[in-house]
Amino acid sequence: MLSSRAEAAMTAADRAIQRFLRTGAAVRYKVMKNWGVIGGIAAALAAGIYVIWGPITERKKRRKGLVPGLVNLGNTCFMNSLLQGLSACPAFIRWLEEFTSQYSRDQKEPPSHQYLSLTLLHLLKALSCQEVTDDEVLDASCLLDVLRMYRWQISSFEEQDAHELFHVITSSLEDERDRQPRVTHLFDVHSLEQQSEITPKQITCRTRGSPHPTSNHWKSQHPFHGRLTSNMVCKHCEHQSPVRFDTFDSLSLSIPAATWGHPLTLDHCLHHFISSESVRDVVCDNCTKIEAKGTLNGEKVEHQRTTFVKQLKLGKLPQCLCIHLQRLSWSSHGTPLKRHEHVQFNEFLMMDIYKYHLLGHKPSQHNPKLNKNPGPTLELQDGPGAPTPVLNQPGAPKTQIFMNGACSPSLLPTLSAPMPFPLPVVPDYSSSTYLFRLMAVVVHHGDMHSGHFVTYRRSPPSARNPLSTSNQWLWVSDDTVRKASLQEVLSSSAYLLFYERVLSRMQHQSQECKSEE
């Protein structure tokens, strides 16, 4: 029954085709021409509607408790993930607000497309819900446009690295800062010289226009700016060279080889970063002077070359700490490989044992009244109330391998042997002087040739308490945003870690005691 119906349908179709073919070439041409005209008109109408009204899609509104996503412009997940991470750092946004206030004083409507700081501030405030917007997805192409004005050629269709873009942004902000005047206008005394019959009490200073405020070089540094200390100790005479300071915007840590049965931690990476290394064939001026004292008649002595021990420490810790875990490695054949090991990190990070000590400074004695309730309760460091970096380390362990940025002389002969690193089992955050809180994590999925960047970040604080820190975490992948747990964040394979310095409970209580006095 079914086969007979199918045969009948095929026969009817064949008859229609045969009638169309017998109509003649002229009729067939007219029919095909009419269908072509109709198809062209339909395509033109569709194109016109798209140009005038855009794509026919509903603009979604952002769900409550989430942040806006960012549209992927081709391969811009590296930029989107970095912006989401930076927007979770309130200290960086406050610095941008203070830095860009100079433009609002100079002109009523500053062109934001000319300044990286203004463009970045606008994006970060929108991503941190500090600007009123109901859009679920934002466009960050303006950042690429302003970076091109700073002579950075960044394509939105080529895969880039989020860590490299971070340094592009920080270096461009420093260039913008250096273009600003660092001295005030000279006082205009010409009008004072023309007034002859006045008393000294009537003399006042007059200016042409408002003078620029004197710029403090250290105050204008962005919150990610820190300093490393590097010093060298001669293994022969134990002479210590002068300390050298180098700046950094992020700590790029290599991942040491894992030991079977022992997990890798962020503390292991930090210890590997500051661990001492031997530098051979270095001229020691002190050894040369000692050798010259034993010569007769002022004979010239060749420069004495010995082995030095080089030691790194953190001389100035920034307000916002960016840590980069180097996941690039090279095989024996010279091909790049990605390291997928999980590096354990915590929500809070104590940096006391990595801080540089000045010789002769002793740990300060805390008020015994402050030790009654030593708990992990923390207060966010904010503005002028932030503690001034000090040189004592009350939270450092009693047994230390390194002292004052150099190796202890008793350990110099045994530096080649690996030494255990004392890691606290249960860290006491209440006594830490340099304590940091995790704000965002950038994760890279894929290999060294292609992949995708996503971000774990804290949700912005509520409008009722804008100075608080939210405990809600978000997972952001370009324009997709969802809630995440802290356990999911700590289980991720971090590529970039963003920490922000906070006050420990002991420091907060100490400030309260001083204010009461």
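Heads up, the Cβ atoms here are built off N, Cα and C, so glycines get one too.
What Swiss-Prot records for 1-35 is topological domain 'Mitochondrial intermembrane', and it gives sequence analysis as the kind of evidence.
Residues or ranges marked as transmembrane segment by Swiss-Prot on the basis of sequence analysis: 36-56.
Per Swiss-Prot, the feature topological domain 'Cytoplasmic' maps to 57-517; the stated evidence is sequence analysis.
Per Swiss-Prot, domain 'USP' is recorded for 68-502.
The secondary structure of CYS77 (active site, nucleophile), as reduced to three states from DSSP, is helical. The active site, nucleophile annotation in Swiss-Prot covers CYS77, and the record cites experimental evidence as its basis.
DSSP assigns LYS235 (ubiquitin cross-link) to coil, not to a helix or a strand. Over all protein chains present, the Cβ of LYS235 (ubiquitin cross-link) has 21 other Cβ atoms lying within 10 Å. Under the heading ubiquitin cross-link, Swiss-Prot lists LYS235 (among others), citing experimental evidence as support.
Same-chain residues at least 6 positions away in sequence with a Cβ under 8 Å from that of LYS289 (ubiquitin cross-link) are not found in this chain. When secondary structure is read from DSSP and collapsed to three states, LYS289 (ubiquitin cross-link) falls in the helix class. Under the heading ubiquitin cross-link, Swiss-Prot lists LYS289 (among others).
Feature annotation from Swiss-Prot assigns region 'Disordered' to 364-395.
Feature annotation from Swiss-Prot assigns active site, proton acceptor to HIS452. A 10 Å cutoff on Cβ-Cβ distances gives HIS452 (active site, proton acceptor) a total of 16 other Cβ atoms nearby, all chains included.
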Report summary line: Here the Cα-Cα span from CYS77 (active site, nucleophile) to HIS452 (active site, proton acceptor), rounded to a whole number of angstrom, reaches 6
Report task. Kindly assign HIS452 (active site, proton acceptor) to one of the three DSSP-derived states: helix, strand or coil. Result -> strand
Query raised in the report: If you measure LYS235 (ubiquitin cross-link) to HIS452 (active site, proton acceptor) at Cα, how many Å is it?
Result: 47
Query - Number of other Cβ atoms within 10 Å of the Cβ of CYS77 (active site, nucleophile) across all protein chains - result: 23
Query raised in the report: Across the domain 'USP' (68-502), what is the average pLDDT of the model, as a whole number?
Result: 77
